[in-house]
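Copied over from TrEMBL, here are the features:
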- B:99-121: transmembrane segment (TRANSMEM)
- B:154-175: transmembrane segment (TRANSMEM)
- B:187-215: transmembrane segment (TRANSMEM)
- B:284-305: transmembrane segment (TRANSMEM)
- B:317-337: transmembrane segment (TRANSMEM)
- B:357-378: transmembrane segment (TRANSMEM)
- B:405-516: domain 'TMC' (DOMAIN)
- B:422-442: transmembrane segment (TRANSMEM)
- B:473-498: transmembrane segment (TRANSMEM)
- B:519-545: transmembrane segment (TRANSMEM)
- B:587-609: transmembrane segment (TRANSMEM)
């Protein structure tokens, strides 16, 4: 229908449409944004699925992520090598999970990954301290930070091991009414 | 095919979650798992048609349109952006004051539309009163004797509601008792409409206040405060430096509220018994002192009102000053007493939320009862202190020499109170501008002097009481001055901008904020106090005092309420019987019993749900501990099993 684009084959676009929460037009637009970030690295023709990754430093410069205190963690949790270098698939995945139509479980899993700074599959006290400092730009004193972390673990920890596993986190998220609307980046 | 897409997504989710939980599997992204699942599926099923993807696109764009529409609507919410800015910069406590102000603006505007639709527009359409000079006892009333006035007198009339303002739709006296039955063609009973609109206006305001207080009380959840703020507090869609800084400050303020309460709890728990006794006795002493202050203020206001009513009727500027004397004394009292109560609160050392509520409750009694004293004095002047045999009241059952049209006079008093309040606020704003200029000049010269002209905190309780007082004045006066809600809407809009400018240019954020849900609930409780006072005034005017015979829609009735029974008997027999039945015991008692039963059912349901939630929570905890215990057992058994095998290997 309409203009013939040569970036992706039709099957590729259909596959992207089914696996992400974007329409064809949005996927093409995302490819445009991806290409803008590193025009010399990213080929315009994706029909034979090239292997190219954009480094972390270029991605966190995007206007949607620039001011976000969690930008490094977001990009790292969506990259498969853990260092923040995103291929186009991972780039699309990131914005698809952060779009408004992604289901709650998906968002909860990635939110857990983002807040897990030391990547040990648990939210321990150090993770919470780092999260809190990023949230309040380090305006709280250290006793206040201690207190808030203690209280948070107290409230959410269900199995009593003094750190939050994914099931504790998920249980707390289900009680949050505006999680879906706050965990959302518009692109 | 959309079913296929759903199936693909479900399968992907299950596979992906299983892969995540598997410790040996490397971390995979959702999209990669999905692509693999899709490939597998497509090997089994032929490719989907174009029509399916078109339908998928259409539902997507429809949802996007709906979201954009809601965002567009939110942009037009009254003052939405300003309130967000205020909340981010000064915290939820100050924001709750502005939210309360916005609620009152909307309430006043909607009530004005109500009154305009049922009273003012029909009166305008059906014609005004014959303003002739009738020379009969009790009927001598000329609202606008000199139609040609000097310019300054015009201005005086505007300020005090006399002259050309009295002879207009503003006041009760202008409406006539046109029941429309003479024409026969269109019957609109203005007196009946007037009284029913007034009653419905009060009922409507009560419903709005109760609905809002229920929404506020059930809106905030106390469970999981800290974890909610930490994990869901950040809005990932925040764009731009300013918005991010604002959001960070917002989160900081929300945490501050809880942290402050924790700190105070810890402090209270660490007191020795002797210090506790000392603190409580100090608190009781301060309570008595506050009561004493309030009592002294009442006495002063009573004396001033008496003086003003006795020396009434003097011309020129001195006359205007005496007229405004009660308002001046009330405003001074309302300024001084909360100031002193604030100093008292420093000694009492409650938590910030309780301090705000105490300040509110102490000052509200002063504000409302001073208004009540003014109204009571007016009433006793009008009815000669209830003595129908006194010389002034003998002829017309009210003092027709001093008050030929007493309802208009009461309306004028309320109008003057409202206007004076607004003028004081504007004057404060002008003073503030002057202060800011001074500070700029002084900053350039010396730094020490600039500390004297420092920034204050925005004091929420006294400002909220100003709003409650203004609203009570409007409620009390609405029966006598139908345009008062409209003027109050304009006044509150001006007040919003004045206070916003004051806030941003002269105030610093409070060091300790208070919880906004508690405070908003108490703002509404205090507003209800004001509503009750206005209700008492309305009931008394409707049922007890004789309406003026020279003006107004209720000219020849013994009391305003009398028109309702009179009109009732004009209805058809069937309607009368139906209404009698509804009011009788045979209907109301079963209705009451039924509503009690329904209420008990809901209370029981709520308590059962609460209990099952607690039980399930405890069960979850136990399951977690069971799981840990079992995991430890498995480890131990593994070790036990392995040890002999290891020993055997080592020996070999």
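Cβ coordinates come from backbone N, Cα and C, glycine included.
Just so you know, TrEMBL annotations are computer predictions that nobody has curated.
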Winner by Cβ pairs under 8 Å against the transmembrane segment (B:154-175), considering only B:284-305, B:317-337, B:422-442, B:519-545, B:587-609: B:317-337
Per Cβ pairs under 8 Å, the stretch of B:187-215, B:317-337, B:473-498, B:587-609 packing most closely against the transmembrane segment (B:99-121): B:473-498
Mean per-residue pLDDT computed across the domain 'TMC' (B:405-516): 84
Touch test for the transmembrane segment (B:473-498) and the transmembrane segment (B:317-337), at least 3 Cβ pairs under 8 Å: no
Candidate ranges B:317-337, B:422-442, B:519-545 - greatest C-beta contact count to the transmembrane segment (B:187-215) (under 8 angstroms): B:519-545
Chain residues outside the transmembrane segment (B:587-609) and at least six past its termini with a C-beta under 8 angstroms from it: 581
Intrachain neighbours beyond the transmembrane segment (B:519-545), with Cβ under 8 angstroms and 6 or more residues off its ends: 93, 96-97, 99-100, 195, 198, 202, 205-206, 209, 212-213, 216-217, 353, 356-357, 360-361, 364, 368, 371-372, 375, 379, 382-383, 398, 406-407, 410, 460, 464-465, 468-469, 471-472, 475-476, 478-480, 559-561
